[in-house]
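I am attaching a structure below and will ask some questions about it afterwards.
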Amino acid sequence: MKKKANEEKAPKRAKQEAKTEATQENKAKESNKENKNNKAKEGKIKEAKTKESKVKETAKEPIPVKKLSFNEALEELFANSLSDCVSYESIIQISAKVPTLAQIKKIKELCQKYQKKLVSSSEYAKKLNAIDKIKNTEEKQKVLDEELEDGYDFLKEKDFLEWSRSDSPVRMYLREMGDIKLLSKDEEIELSKQIRLGEDIILDAICSVPYLIDFIYAYKDALINRERRVKELFRSFDDDDENSVSDPKKDDDSEEDEENEERKKVVSEKDKKRVEKVQESFKALDKAKKEWLKALEAPIDEKEDELVRSLTLAYKRQTLKDRLYDLEPTSKLINELVKTMETTLKSGDGFEKELKRLEYKLPLFNDTLIANHKKILANITNMTKEDIIAQVPEATMVSVYMDLKKLFLTKEASEEGFDLAPNKLKEILEQIKRGKLISDRAKNKMAKSNLRLVVSIAKRFTSRGLPFLDLIQEGNIGLMKAVDKFEHEKGFKFSTYATWWIKQAISRAIADQARTIRIPIHMIDTINRINKVMRKHIQETGKEPDLEVVAEEVGLSLDKVKNVIKVTKEPISLETPVGNDDDGKFGDFVEDKNIVSSIDHIMREDLKAQIESVLDQLNEREKAVIRMRFGLLDDESDRTLEEIGKELNVTRERVRQIESSAIKKLRSPQYGRILRNYLRI
């Protein structure tokens, strides 16, 4: 019996053991799967973290560049020189000081090794100019050859016809923009170097003429006194504070007055800092100029090595150029310098042409005007604007004479100041123009290659009050600022740097131009804060919050919040159509409170009729006195007793007596009852 019982229990135990083994195996498999999943997740997280860290490293840390020693950098300079010469200034840029005797020995060895000649920066620029002219002629010839080959290409003509079918300027702009290739990072660096090269050539030319340094230094007082805007002439000074802070308006609200006073204090502090910065920069420029002139005018020591002297002068000149580079003169200032130099070169026929061009604007059609014109020209440099106004017959001629005065003054000052031969001056002018051409070409190429970036950013700002083309143009302005301020040495891509400038330019344009009535920038910041709080409450509660809650969260008074919300309301045009008919306009339904209503008009006419009927009870003289005394004539003006007496040829006392007798008659109850009803209305 026991054996049978054990035999019966055996398969049951086996089944239970098999079940337990199966469950253990399943658990083991599940745990293995979980471990694998966890490991995979950890691996992904680690990969993501490593990617993020790599991105952060690439975004934050600049690309490490191996710094070359003086000898290595010098070797590279001589080896990579485009022409058969090397400038003194390029050597100074490597050493950042006057080279030692050992370094000068190395320079001489490299000159012999590479068969290079040491020259000044102006001579080096002249060499590069000659090379550039050859390249330009070759490029022009290539373009002409391509045009001749494509002259009979009918397929391209067909493509042009299809392209020209689109009338939308946005489509045309986007289509043309799509043909421009994007730049690689190496190409961006190369273009940045080209921009710097062009600016170096310009500054080299300016530094070679002391008068041009004085010409730039003369802007110091104009900048401090705000006669000229700083950012028009120099990029290094941030002059955007003038635009960002608007003139505070007068308001009865004491809180707004306090804010305006605080804003004025902030503006005055910024003005002080700006003036200090301008003074420091120009002081450093003046100091560098004096040191350079001192080295230039120092007596020549026959025992001193000529190369040492040349490198010393180059070092002083490079210091002056660095101080000038700190100011970052704009294209507008460089154009003014070019115009000054061109005016100096316009001696003889050139100057006469400019003079005749301005004289053509004057109406000199008789001998008297011609004689007066010659008299003014004889002493125009000593005349003020008031003197010119006193001598010319028409106000329109004053501006022309002021231009003539500027022409004569510029010619006199430049002839005295430049103290250079015309050929030398012409070389410097060509050097400035060439540097500007190199810089402008590189800037244009960099800007054109990033137009797609502007469009992609401008798309995010649509439906904000400005047309899409306007957004693109404002973004392009920001792009050009980014091109001016980009520094490739920091290791960032240009698109990363330019994005902020483009967004800033577009958002500022929307704030300034999107609304019919302009709102100051500081008010827009407050509006955005209030809108953010209101959106947050709507998302959380599903309804608009009370203004008290908004005021508390924003940190403003309730009245201030109400005023800000009033400001945000867009004005409605009087030409807005109303109703289904096209003829109905909103302006037709607006009440004109200056016009008398029809009921008031009827009441007034009825009152006039009743007054006339009452006055008919008086004699002619009494009627005339009452009408003139109480303004019942057509002009509705009250006259004094003296004025009435003069018109009626009676004394003042007699007029008073007539008036009192007439009023006595009108006080009768039968007349007063009629007019009393009008007083109640």
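Placed from the backbone N, Cα and C atoms, the Cβ positions cover glycine too.
Dumping what Swiss-Prot says about this protein:
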type	residues	note
DNA_BIND	641-660	DNA-binding region
COMPBIAS	261-270	compositional bias 'Basic and acidic residues'
REGION	1-60	region 'Disordered'
REGION	239-270	region 'Disordered'
REGION	446-516	region 'Sigma-70 factor domain-2'
REGION	525-601	region 'Sigma-70 factor domain-3'
REGION	614-668	region 'Sigma-70 factor domain-4'
MOTIF	470-473	motif 'Interaction with polymerase core subunit RpoC'
So how many of the residues in the DNA-binding region (641-660) end up helix, strand or coil by DSSP?
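Secondary-structure breakdown of the DNA-binding region (641-660): 17 helix, 0 strand, 3 coil.
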Which residue counts does DSSP give the region 'Sigma-70 factor domain-2' (446-516) for helix, strand and coil?
56 helix, 0 strand, 15 coil
What counts of helix, strand and coil residues does DSSP assign across the region 'Sigma-70 factor domain-3' (525-601)?
44 helix, 2 strand, 31 coil
